[in-house]
Amino acid sequence: MSEESQASQASQACQAKACAIQDCLQGNGYNEAKCTKYIDDLYQCCKNFYEENGVDAKSVCCPKFKLLQLKLKQRSLGQIDATLLENKRH
């Protein structure tokens, strides 16, 4: 595989997982709590991506390595999803 092809493949890493999150959010009124499985899948894909390509690798679909580590730690502590605030008008 050429260097250019590898770079292109790396930049597209986890794209299907990121698209699945967008589809889920759009289908559920942007309620993140209903898309937890897809978010977990993306983070796992990104974790694998960094393990295979190094912490300085780049993918448009993955958070930077340090942020991914923070997100994974938060999720392990049960701080999983953003809460959807309802706008109530009187």
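Just so it is clear, glycine is given a Cβ too, placed from its N, Cα and C backbone atoms.
As recorded in Swiss-Prot, the features of this protein are as follows:
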type	residues	note
DISULFID	C14-C45	disulfide bond
DISULFID	C24-C35	disulfide bond
DOMAIN	11-53	domain 'CHCH'
MOTIF	14-24	motif 'Cx9C motif 1'
MOTIF	35-45	motif 'Cx9C motif 2'
Structural state census, the motif 'Cx9C motif 1' (14-24) (DSSP three-state): 10 helix, 0 strand, 1 coil
Euclidean distance between Cα atoms of C14 (disulfide bond) and C24 (disulfide bond), Å: 16
